[in-house]
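Novice: Structure below; questions to follow.
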Amino acid sequence: MLGKLDWSAIPFDQPIPLIAGAVVLVAILAVLVWVVVKGHLPYLWHEWITSVDHKRIGVMYILLASIMLLRGGSDAIMMRIQQAVAYQSQGYLPPEHYNQIFSAHGTIMIFFVAMPFVIGLMNLVVPLQLGVRDVAFPTLNSVGFWLTATGALLVNLSLVIGEFARTGWLAFPPLSGLSYSPGVGVDYYAWSLQISGVGTLVAGINLVTTVLKLRTKGMNYLRMPMFCWTTLASNLLIVAAFPILTATLAMLLLDRYLGFHFFTNEAGGNVMMFMNLIWAWGHPEVYILVLPAFGIFSEVVSTFSGKALFGYRSMVLATMAICVISFMVWLHHFFTMGAGPDVNAIFGIASMIIAVPTGVKIYNWLFTMYGGRIRFATPMLWAVGFMVTFIIGGLTGVLVAVPPADFMLHNSMFLVAHFHNVIIGGVLFGAFAGFEYWFPKAFGFRLDERWGKLAFWFTFLGFYVTFMPLYIAGMLGMTRRLQHYDVAAWRPWMLVAAAGMAVLTIGVICQIMQLVVSIRNREALRDRTGDPWDGRSLEWATSSPPPVFNFAFSPDVRGEDAYWDMKTHARQQSFEHDAPEYHDIEMPRNSPTGFICAFFATIMGFALIWHIWWMVILGGIGAFATFVVFAWRDHDEYVIPADEVARIDRINLEERRSLVSMAGVV
C-alpha cells in the first residue's frame, strides 16, 4: 500500500535532522495558522498563488530562492564547522550524514537558489525593459514556477522522511546506482531535479519567446538593454542544455527502477557516458547562471556611472560568443579520464578562449566607469566587488583549464574554491545587486542603504576569508568531501575558513535586517518617481510598483538607452499630451493551473520515490487532467476598461509631474 515507506523513514535515531525537521515543520504550521487566523488566505490565493502576472511570479521565484538560501547556507555552515573540528577525530557529523549535507548543499544552491533567483529577476524585469505587458505565455510561467517549488519541496522532505543522496550534487555512477545507493536518497535527488527541470525548461522557452517576439515598437535587437540580451543568451542555453539533463537523469532512473544498464560497465554500459552527458549540461549551466548576472552588472554600472554602457555592440557579441563556446568546453571537468593529450589540448584551449569574451566585458565595465560620475550605492558596491572577485575566479579557472595543472588539482579543495569564486562572486553578487537595484521597482520603496552596505562588506570580506584558504589547502593536497582528516598542515586553513563562514553569516543576517528595517521605514524610503536611481531603460518609465498592465501606452523606442533618451529629449509620453486617448487593455486572467499541476506533481514525485504505484497513477492522471482542462478554456483574458487605465495612469502622472517640477527639471 505504501511501497517502501514505513516508520523507519523517520530519522528518530539522528537528532540533528530530526530537530531541524521539527523546527521547519513548526515554522510552516505557525505561518499557515497565522495566514488563516488573520484572514490572508483569500488574498494570497487570488493575488499570488493563482497569479499569472510576471512581476508577482518573479517575486515568488526570488522568495523561494531566499528561503532555500537559508537551507543551503545552513548546510554550508555545518560543513565548515565539521571540517574545522574533524582533525584526527570524527567531528560531530557521522559520515553518512555529512555526505548527505554536501550533496544537498550543492543541489540546493545551484538548482533552488541560483536558478530561481536569476529567473525571478528575469521575470520581474525583462517585460518591463521590453516595454510589454507580460511574458509570451503567462499561465505556463505560473506552471514553471510551481514545478520549481515542487522540486524544492521534495528536497526538503528528504530532511525528515527518508534521506537525501550521498553522491555529491551530480550523482556520478556507479555511486548513484542501486549497488552503492540502495536507499531513496538518489531517487529524491533525481525526481526533484526532473520535476524542477521541466519548470526551468518551460521558463526558458517562455523568456526566449518573449524577447524574440514581444518587444515594443522601435525596439530592434540592437536597442535592447544588455540584461535582455543576457536573458536571451541564458535562456537559449536552458532550451538547449536542460533536455540533456532530463535525458541523463531519465537513464539513471531507468537503471535504478527497471534494471537498465546505461551506466553499468560490467553489464555493457559506460559510466563515462554519464560524465560526458552531465557535464555537457553542467558547463552551460554555469553560463546560464552567470550571463544574467553579467546583464545585471551592465545595467548597474551604466546607471551608477551616469554613462551609456561602453562598447554596447561588443558586449552583445561577447554575450553570444560565450553562449556558443560554453557548449565546447565540458571535457575540462574530467581531463583525468584518459581521453589523451590531443583531446585534452583541444578542450583546454577552448576553455582559455572562453575567457576572452568575458575579459571584453570586464574592460567595458571599467571603461564605462572611467570618466563617469560614480555613485557608490549598494548595487554599485556589489558590482565592483564582483569585478575583483570574478577576475580571481576566472584566473584560477584558466589555471585548471591547463591539463597538466588539472591533473594535480582535480577534485581538490582548490577546485571547490574556484567554483565558489565564480558562483558566489559572479552569480550571487549579481543576484544581490539586482535585488537591491530593482527592489524599489517591485515594491515601491528603496532598501535601507546603511544595512545594505554592511551586508555587502561582511559578505565580501567573509567570502575571501572563507574561500582563499581553500585554494591553499587544495595546493597542499587536500581533496574535497573529506568528513575527517589527519594532516596537520590542513587544519589552520580549515579553522580560518570556518571563521570566514561566521563573517559570511553576519552578512546574511545584515541582509535580513536590511529588509526588516526597510519594511518598517517604507514610507520614508518610498519611491514616488518610479525612477529612484535615474535609470536608463524602460522599467523606470512606469510607476513603482508598476500597474498590472505595466504601461498605459506602448513606449516608442528611438535609441539604445530608451528611457534616458526620453528624459534627455523631453519626449516622455507622460508629458506629450494633456489628455491622451486611453484604450481598453486586455490582460491574462489568473489561473490555478500551475498550483494544481504542482500539487499533483508533488504527489507523483513522492510516490515514485517511495514506489507507491497507486499514488503515482493518481498524481499522473491529476496532472494530465489539469493540462486538458486548461487547454480547453476559451476565456483566459479579462479587459481593464479605458476609464480605469486612465485613472491609474493619471494618478501616476500627476505625482511624477509634481515631483519633477519640485526638482526644477520641468
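Note that Cβ sites are derived from N, Cα and C of the backbone, with glycine treated the same way.
According to Swiss-Prot, the protein carries these features:
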{"type": "BINDING", "residues": "H105, H420", "note": "heme b 1; low-spin binding site"}
{"type": "BINDING", "residues": "H283, Y287, H332, H333", "note": "Cu cation binding site"}
{"type": "BINDING", "residues": "H418", "note": "heme b 2; high-spin binding site"}
{"type": "TRANSMEM", "residues": "57-77", "note": "transmembrane segment"}
{"type": "TRANSMEM", "residues": "108-128", "note": "transmembrane segment"}
{"type": "TRANSMEM", "residues": "142-162", "note": "transmembrane segment"}
{"type": "TRANSMEM", "residues": "192-212", "note": "transmembrane segment"}
{"type": "TRANSMEM", "residues": "234-254", "note": "transmembrane segment"}
{"type": "TRANSMEM", "residues": "315-335", "note": "transmembrane segment"}
{"type": "TRANSMEM", "residues": "346-366", "note": "transmembrane segment"}
{"type": "TRANSMEM", "residues": "380-400", "note": "transmembrane segment"}
{"type": "TRANSMEM", "residues": "413-433", "note": "transmembrane segment"}
{"type": "TRANSMEM", "residues": "456-476", "note": "transmembrane segment"}
{"type": "TRANSMEM", "residues": "591-611", "note": "transmembrane segment"}
{"type": "TRANSMEM", "residues": "612-632", "note": "transmembrane segment"}
Novice: For the transmembrane segment (380-400) against the transmembrane segment (234-254), do we get 3 or more Cβ-Cβ pairs below 8 Å once near-sequence pairs (under 6 apart) are dropped?
Specialist: no
Novice: Taking only same-chain residues 6+ apart in sequence, whose CB is under 8 Å from that of H332 (Cu cation binding site), what do you get?
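Specialist: In sequence order, the residues whose Cβ lies under 8 Å from that of H332 (Cu cation binding site) (at least 6 apart) are H283, F347, G348, A350, S351, V400, A401, D406.
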Novice: Helix, strand or coil at H283 (Cu cation binding site), per DSSP?
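Specialist: Where H283 (Cu cation binding site) sits, the three-state DSSP reduction gives helix.
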Novice: Cβ under 8 Å to the transmembrane segment (346-366), counting only same-chain residues 6 or more beyond its ends: which ones?
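Specialist: Same-chain contacts beyond the ends: 294, 297-298, 301, 309-311, 314-315, 317-319, 321-322, 325-326, 328-332, 335, 383, 387, 390-391, 394, 397-398, 401-403.
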Novice: May I have the list of same-chain residues other than H283, Y287, H332, H333 whose Cβ is within 8 Å of the Cβ centroid of the recorded Cu cation site, in sequence order?
Specialist: W279, G282, P284, V286, S326, V329, W330, S351
Novice: Starting from the Cβ of H105 (heme b 1; low-spin binding site), draw a 10 Å sphere and report how many other Cβ atoms land inside it.
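Specialist: A count of 21.
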Novice: Same-chain Cβ contacts of the transmembrane segment (57-77) under 8 Å, 6 or more residues past its ends?
Specialist: 20, 48, 51, 101-102, 104-105, 108-109, 112-117, 119-125, 141-142, 145, 148-149, 152, 156, 431, 435, 442, 501, 505, 508
Novice: What same-chain residues lie close to the transmembrane segment (413-433): Cβ under 8 Å, and 6 or more beyond its ends?
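Specialist: Distant Cβ neighbours of the transmembrane segment (413-433) are 65, 109-110, 113-114, 117-118, 121, 286, 289-290, 292-294, 296-297, 300, 379, 382-383, 385-386, 389-390, 392-394, 396-397, 400, 455-456, 459, 463, 467-468, 470-471, 473-475, 478-480, 511.
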Novice: With an 8 Å cut-off on Cβ pairs and a sequence gap of 6 or more, do the transmembrane segment (192-212) and the transmembrane segment (456-476) reach 3 or more such pairs?
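Specialist: Result for the transmembrane segment (192-212) with the transmembrane segment (456-476) is no.
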Novice: Among 142-162, 456-476, 591-611, which stretch has the highest count of C-beta pairs below 8 Å with the transmembrane segment (108-128)?
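Specialist: Looking at each of 142-162, 456-476, 591-611 in turn, the most contacts to the transmembrane segment (108-128) are made by 142-162.
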Novice: Which residue, out of the binding-site residues H283, H333, H420, shows the minimum number of other Cβ atoms inside 10 Å of its Cβ in this structure?
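Specialist: So among H283, H333, H420, the binding-site residues given, the one with the fewest Cβ atoms within 10 Å is H420.
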Novice: Suppose we draw a 10 Å sphere around the Cβ of Y287 (Cu cation binding site). How many other Cβ atoms does it contain, all chains included?
Specialist: 24
Novice: Answer yes if the transmembrane segment (142-162) and the transmembrane segment (591-611) have at least three CB pairs under 8 Å among residue pairs 6 or more apart in sequence, and no otherwise.
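Specialist: Counting Cβ pairs under 8 Å, at least 3, so yes.
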Novice: With a Cβ cut-off under 8 Å, give me the same-chain residues at least six positions beyond the ends of the transmembrane segment (612-632) that come close to it.
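Specialist: Residues 1-3, 5, 139, 591, 593, 596-597, 599-606.
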Novice: From the Cα of the residue listed as 'heme b 2; high-spin binding site' across to the Cα of H105 (heme b 1; low-spin binding site), what is the distance in angstrom?
Specialist: 16
Novice: For H418 (heme b 2; high-spin binding site) and H333 (Cu cation binding site), determine the Cα separation and express it in whole Å.
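Specialist: With distance taken Cα to Cα, H333 (Cu cation binding site) is 13 Å from H418 (heme b 2; high-spin binding site).
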